Amino acid sequence: MKFALTGGGTGGHLSIAKALAIELEKQGVEAIYLGSTYGQDKEWFENSPLFSERYFFNTQGVVNKSFFKKINSLFLQVKAAFKAKEILKKHQITHTISVGGFSAGPASFASLLNHIPLYIHEQNAIKGSLNRYLSPKAKAVFSSYAFKDKGNHVLTSYPVQNAFFDYARTRAEIKHILFLGGSQGAKAINEFALLNAPKLTKQGIKITHICGSDAHEKMRFFYQELGLLDKIELFAFHNNIIEVMRRADLCVSRAGASSVWELCANGLPTIFIPYPFASNNHQYYNVLEFEKENLCYVVPQNELLPKKLFEVIRKLNQKDDQGNKNLTIISAKLQQKIAKDGAKTIIETILSA
């Protein structure tokens, strides 16, 4: 028995691949990885000991491109699929798991050509174009969101690393706010943090701001100009996001699925700013259920005024009839919404099929 893991491009997809690879290693199952030279795949897995072999193809995404660029991207995908077909055959792969993203294309199609059972993890509440096409052909599609076309869909807990649960805590007071711009940076969140920093620091609230590598120097300059650089924690990115979340009492973040469920597992109340240009507006739908259950606050990017932060803080500090703060209630309920061992459940379901 030997697995191939494929997909990525962004940290959200890759964090799932990592969680599944860790579980395969625990189960004593060998795995190889197939991804792309474009995006973050090599950065995550080029030297990863989780895989016996790693392959990266010259591929790019197809959606949101001009006609001629789409043709070129499709050509690269097809070319890579035939290479992947030979690789899967060479390694005698018995199961393939796709975590989505454009880099999953070649190995997913190669698996179908080689009659290898294909399993898919759909991380978002709205399927990406590749997963929409491949889902009917897959052995099973795992997701933490319920889809109308149930078919071969398996509802499971999101494959979050156990450390997010291990370092979870129930928040009682807002003393520390995390602005999570992500590894790529989010201009709207960076500006939101900057505009609120003077008032927050004056109130004695600590700030940790992860702004992305492209914006780091600019953010350093602006905080320096405000005289706040030595009063806040500013990072381009952070290698230990679990520790950063653990220390925070409130977060401001985009609504990528992995971030949503990691914050949930950690019990960290969050203001989500869905990326407005995400395909099919999937970031909004990723947190729609949370919003309906009063487990988060969602602010559209075009409504992101500085006063919104303090409006949310006031709401979180309000108490119910029993004297419990909304902050504490939400924090506790978040930890109940997601179960541990999502990756383990997925792998064991596949192994027992």
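Using N, Cα and C of the backbone, Cβ positions are placed for all residues, glycine too.
As written in Swiss-Prot, here are the features:
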BINDING   Thr10, Gly11, Gly12, Asn124, Ser183, Gln283  UDP-N-acetyl-alpha-D-glucosamine binding site
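Features per Swiss-Prot, on structure.
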residue : record                                        : Cβ within 10 Å
Thr10   : UDP-N-acetyl-alpha-D-glucosamine binding site : 21
Gly11   : UDP-N-acetyl-alpha-D-glucosamine binding site : 21
Gly12   : UDP-N-acetyl-alpha-D-glucosamine binding site : 24
Asn124  : UDP-N-acetyl-alpha-D-glucosamine binding site : 25
Gln283  : UDP-N-acetyl-alpha-D-glucosamine binding site : 26
